[in-house]
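So the structure is just underneath, and the comments pick up after that.
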Amino acid sequence: MPTYSIEDRTAPRTAPRPARDDAAASWRETALCAQTGPELFFPEPGSSTREAKFLCGMCEIREACLEYALAHDERFGVWGGLSEQERYALKRRAGRR
């Protein structure tokens, strides 16, 4: 029966990253939210989203962010200045047309 040592098994040093769309990545890197922590945009249930929405309102990338969230069915956090509930309502209204 052959024996194997731990040295026979190799693993990548870093986890492989999923392929990313460079256009989508570029707007994320220049968005105002990239300069803050995620806790502002993904608050605990019952916490205010006011600060995140205020920052989104000043961001030049807001429309691209919202389009991305709607296209990728982002269900959590503030994206493009809208909360989960607001995005859901927007999609429902758009579906009725």
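The backbone N, Cα and C atoms fix where each Cβ goes, glycine too.
What TrEMBL says about this protein:
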- Cys33, Cys56, Cys59, Cys65: [4Fe-4S] cluster binding site (BINDING)
- 1-11: compositional bias 'Basic and acidic residues' (COMPBIAS)
- 32-89: domain '4Fe-4S Wbl-type' (DOMAIN)
- 1-23: region 'Disordered' (REGION)
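The structure, with features from TrEMBL marked on it.
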residue : record                        : DSSP (3 states)
Cys33   : [4Fe-4S] cluster binding site : helix
Cys56   : [4Fe-4S] cluster binding site : helix
Cys65   : [4Fe-4S] cluster binding site : helix
* Asked: For [4Fe-4S] cluster, what surrounds Cys33, Cys56, Cys59, Cys65 with a Cβ no more than 8 Å from their Cβ centroid?
  -> Ala31, Leu32, Leu55, Ile61, Arg62, Val78, Trp79, Gly80, Gly81
* Provide the number of Cβ atoms within 10 Å of the Cβ of Cys33 ([4Fe-4S] cluster binding site), excluding the reference atom itself. => 20
* Structure fact -> Across the binding-site residues (Cys56, Cys59, Cys65), the Cβ with the fewest other Cβ atoms inside 10 Å is that of Cys59
* Structure fact -> Over the domain '4Fe-4S Wbl-type' (32-89) the mean pLDDT stands at 94
